[in-house]
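Student: My questions will all concern the structure given below.
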Amino acid sequence: MSLRIDTDAVMQALPGIRDQSDGPLCAYVYDLAALDAHAAWMRAQLPPACELFYAAKANAEPPILHTLAPHVDGFEAASGGELAWLHRQQPRAALLFGGPGKLDNELAQAAALPDCTVHVESLGELERLAAIAAQAGRCMPVFLRMNIAVPGAQSTRLMMGGQPSPFGLDPDDLDAAMQRLRASPSLRLEGFHFHLMSHQRDAGAQLHLIAAYLRTVQQWRQAYALGPLRVNAGGGFGVDYLAPESSFDWAGFCAGLPALLRDHGQALRLRLEPGRYVSASCGWYLMDVLDLKRSHGAWFAIARGGTHHFRTPAAQGHDHPFRVLRGGRAPVLRDTPVTLVGQLCTPKDVLARNQPIAALAPGDCLAFPLAGAYAWNISHQQFLMHPPPQMVFLPVAA
């Protein structure tokens, strides 16, 4: 089992979704049963010595969080707003707070929560957190996010570290950080956080990275006489939108972890915090075709909605895959390449260019899969003041 794209649940729900629409359809549909099964499968693959957190920046809709809660050890936030939202939605969950540029009031917010760990990004942030936690009368658990270079590491198209970056501390900063921690009764070192790259689709390369993280932390444990620690290896597990079967091999990756932990993980506990790989495949973006037009010899399908709702194609720079869910009208086009666009008055409002389509008519529904992560929440939702899409959550069976 890996990422599965199954239209059955969406097709079965489509008539009811249409009944709730205020006109031509424009909706996000989240298959919570598929999400539940996928998260349970991901958890089952992990060795017992590993922890699984969900990076809520991928999709923090309440039903998504509720569905994932039984399968994860907690949730990761990257802003004070996300932190407050996650605590409201999942008040008993363990929370992680990462990201650069944390405000003092956000650090104070973290210090006031019952179970929140801060990923410290700089020496300055460490100093501020020590003072804020002391004022709150807390001993705050912290991870130091480290930006290390890993020899032999393969790069991806979104590098977060291993080079000059706003993320994490350089190894040269570690002495100063350890001195500050030892002088600060308000802080407690829980472990180290690494996240060098996103869109990683090579399980072997990810295992190579994690082995390097574990070896590095073991060296630091010896150098600074540290006890048992956690190693947070971040997320970044890649989804191949155009060939989902070529997405990150989670099962193969998890099968390789026991040997790594046996060889390099003494007194260490591994923590992972995926986002996109968890929720992408549960979501669909649906748009009804409003008009078909020919312009200078090229055909365009204009559909309700657009990239202001579904920015993923623009963000990823690809022609997003789609399915045509036929309506009741006879096809206007057959076996014709068509560019799929939305309602925005910009030529950049394109979801897929020159895609071969067997049959298409106004009223047909364009269904875009893999819309469950970094989709609605990253879109420029207020542009042109179009109404938002319907939000439909197909429930998990009782």
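Keep in mind that glycine also has a Cβ here, set from the backbone N, Cα and C atoms.
Automated prediction, rather than curation, is the source of TrEMBL annotations.
Straight from TrEMBL, here's the annotation block:
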type	residues	note
DOMAIN	28-372	domain 'Orn/DAP/Arg decarboxylase 2 C-terminal'
DOMAIN	36-280	domain 'Orn/DAP/Arg decarboxylase 2 N-terminal'
MOD_RES	Lys57	N6-(pyridoxal phosphate)lysine
ACT_SITE	Cys345	active site, proton donor
Student: Just counting, how many other CB atoms are there within 10 A of the CB of the residue listed as 'N6-(pyridoxal phosphate)lysine'?
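Tutor: Neighbour count, Cβ to Cβ under the 10 Å cut-off: 20.
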Student: What does the structure give for the C-alpha distance between the residue listed as 'N6-(pyridoxal phosphate)lysine' and Cys345 (active site, proton donor)? Integer Å is fine.
Tutor: 29
Student: Counting every protein chain present, what is the number of Cβ atoms, excluding its own, within 10 Å of the Cβ of Cys345 (active site, proton donor)?
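Tutor: If we count other Cβ atoms within 10 Å of Cys345 (active site, proton donor), we arrive at 7.
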